[in-house]
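Presented below is the structure to which this report refers.
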Amino acid sequence: MATTLLEAQIHNGPGGYSGVSGTPEWASEVKRLARERNATILAHNYQLPEIQDVADHVGDSLALSRIAAEASEDTIVFCGVHFMAETAKILSPTKTVLIPDARAGCSLADSITADDLRAWKADYPDAVVVSYVNTTAEVKALTDICCTSSNAVDVVASVDPDRDVLFLPDQFLGAHVKRITGRKNLHIWAGECHVHAGINGDELTAQAMSHPDAELFVHPECGCATSALYLAGEGAFPADRVHILSTGGMIDAARVAKSKQVLVATEVGMLHQLRKAAPGIDFQAVNDRASCKYMKMITPAALLRCLIEGKDEVHVDPEIAKAASKSVQRMIEIGTPGGGE
Ligand code: SF4
């Protein structure tokens, strides 16, 4: 009965599914339907708070894919964007992987296609391809080693210094890796995430000046990661208070942070888990408009529909999955992969 009433409210529009709020009644219906399907619900750190709260596990993309692979349930409901659900499918090929709205894409993953990469590789036939996890399964299948923001430096450092490296798709993460490794033969794809690129150096500088005692957590995909390091170098923001971290690394750092206030430069959904991890700290967004519209397509209505209809199912061609899983496995073996985004 409860499902019928709620189901009748679901509206499907061009921006996604709407019409249902994250009420306690909705949450108990979601949990009941998940049990009925023998499904576990995973939610990325950038999801809406009500989706994070109803999920069985919340984390970054790699941590969630590992949980998916080890889960006893045979259905995974992945509340995140499409490439993340694909990665879960690559690592758990025998499981049913559902995403509440397959239209939830990623501007960073979309910034390079498999054809783009084939053409780039043709220009550098002996190069090693290193791809950040925010890529499609097809791009991962053409990749030698995937990386996360936590182990990108270790992955690039593991490559023979005489070989060219093609690093994709994020130019800011690429610049960060180039700066640390000092590697001249690192070629960087000019891709970016519209959300992270929108967090700029000017905003960061203004925030740093007006909160002189705060610590600063920066995701390396942010357009401001370079500015954060520059500011630290200039002494505007003490270097020991600037932390370049993956989303998973931010949660760990929050638990041990000493300051009363932390400025956070990444997608605003991250604030929900940080506030839960360290309730005594005042977490503030560097840019409170940094919200990913794709992540926010996983609405209460979308999740409910997914559990009622068993849609949208994520499929990856078995040959592509096999090749992609090799590059993902190499990523897991090098350094501390952490969790990427
Ligand atoms: S925040 Fe950016 S990188 Fe992350 S899913 Fe959204 S578009 Fe992609």
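Cβ atoms here come from the backbone N, Cα and C positions, even for glycine.
Quantities reported herein were computed from a predicted structural model and do not represent experimental measurements.
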Same iminosuccinate site per TrEMBL - residue from Ser28, Ser149, Ser150 joining His44, Ser61, Tyr132, Val133, Asn134, His219, Pro220, Glu221, Thr247: Ser149
Neighbour count (Cβ, 10 Å) for His44 (iminosuccinate binding site): 30
Candidate binding-site residues Cys106, Cys193, Cys292, pick with smallest Cα gap to Glu221 (iminosuccinate binding site): Cys193
CB contacts for Glu221 (iminosuccinate binding site) [other CB atoms within 10 A, all chains]: 29
Cβ neighbour count within 10 Å of Cys292 ([4Fe-4S] cluster binding site): 24
Number of other Cβ atoms within 10 Å of the Cβ of Cys193 ([4Fe-4S] cluster binding site) across all protein chains: 29
